[in-house]
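Take a look at the structure set out below.
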Amino acid sequence: MAMIFCNTLYSSSSPSYLSPLTSKPSRFSKNLRPRAQFQSMEDHDDHLRRKFMEFPYVSPTRKQLMVDLMSTVENRLQSQLLPCNLPPDVRNFNNPNGSAEASLHIRSGDKSSPIDFVIGSWIHCKIPTGVSLNITSISGFLNSSTKAPNFVVELIQSSSKSLVLILDLPHRKDLVLNPDYLKEYYQDTALDSHRQSLLKLPEVNPYVSPSLFVRSAFSPTASMLKIDAEEEDKLEEILRDHVSPAAKEVLEVWLERCVKEEEEKIVVGEEERMELERRDKSFRRKSIEDDLDLQFPRMFGEEVSSRVVHAIKEAFGVL
């Protein structure tokens, strides 16, 4: 794409009838070529980001929620995030028969930032039973310079009238051994109020993951909920009036109380830093093994799955 752009630029700016100009190299050529290549790369990157932000297989209400959350993360943390550098065939990919498609957007944090990386994704897969599985998720992972929790929101849907919601600030310290951590991030922020409010709706019930690992990884205040509505419009109403405000408030807590570097959150001791790194990598590695390593080959085939999972492992620092 860059070469086509450059060739077009030079052919249109050098008329053939001006022989002195065509026989003499332009003094701007060395500058124009990298600029053209850079512009082309920027255009391609923008196209792939727009593709991710389409969230094309979900309802307008759900799409708006995901766009709002991702835009808030990128706008508020813009100075701390590096551009997404995933290969194009990892940022958007599908399986050979076209029954599954996914988009991936990962931005690493700057070296001076407490952010390790932010990841957003959507997955669409037609299941042999005739239904479609649609998963949309956004997560923020912090590095070992801070002990503050991470952020996750995920919506899993295989029916137009029901879905599973996971919304949490997953803890990175043992809550029994560190009661001050529990108080600071979960009690003082009233994080459990969102789960309690959602559970007051007759359509909402607790969701119990079949994975013991998943259940152990989330905080006691996690909103792990199953929403069953009689009508599609009712599900949209719950998403718009209840889930969306809760997700935005939890994200705000993460941005204000976890990402901002304050003295009490900075990890000082080398032993504590190493322990956080071990825990973070163990969590990421186990998540990939139990989820992507098992499910992606079924959805996308071995070749595509291998390429994408390798890129994710590299971004997660667990290669």
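In case you wondered, yes, glycine gets a Cβ from its N, Cα and C as well.
Here is what Swiss-Prot records for this protein:
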- E154, Y207, V208, S209, D291: red chlorophyll catabolite binding site (BINDING)
- 255-286: coiled coil (COILED)
- F218: site 'Important for stereospecificity of the product' (SITE)
- 1-39: transit peptide (TRANSIT)
Roughly how many Å separate the Cα of F218 (site 'Important for stereospecificity of the product') from that of D291 (red chlorophyll catabolite binding site), to the nearest whole number?
16
Diameter of the red chlorophyll catabolite binding set by C-alpha atoms, the set being E154, Y207, V208, S209, D291, in angstrom:
18
All-chain count of other Cβ atoms within 10 Å of F218 (site 'Important for stereospecificity of the product'):
18
For Y207 (red chlorophyll catabolite binding site): DSSP state (helix, strand, coil)
coil
Among V208, S209 [binding-site residues], residue with fewest other Cβ within 10 Å:
V208
Across every protein chain in view, the count of C-beta atoms other than its own within 10 A of the C-beta of E154 (red chlorophyll catabolite binding site) is 16
At a 10 Å cut-off from the C-beta of D291 (red chlorophyll catabolite binding site), count the other C-beta atoms across all protein chains.
14
If you average the pLDDT over the coiled coil (255-286), what number do you get?
86
Long-range Cβ environment of Y207 (red chlorophyll catabolite binding site), under 8 Å and at least 6 residues apart:
V164, L165, I166, M224, L225, K226
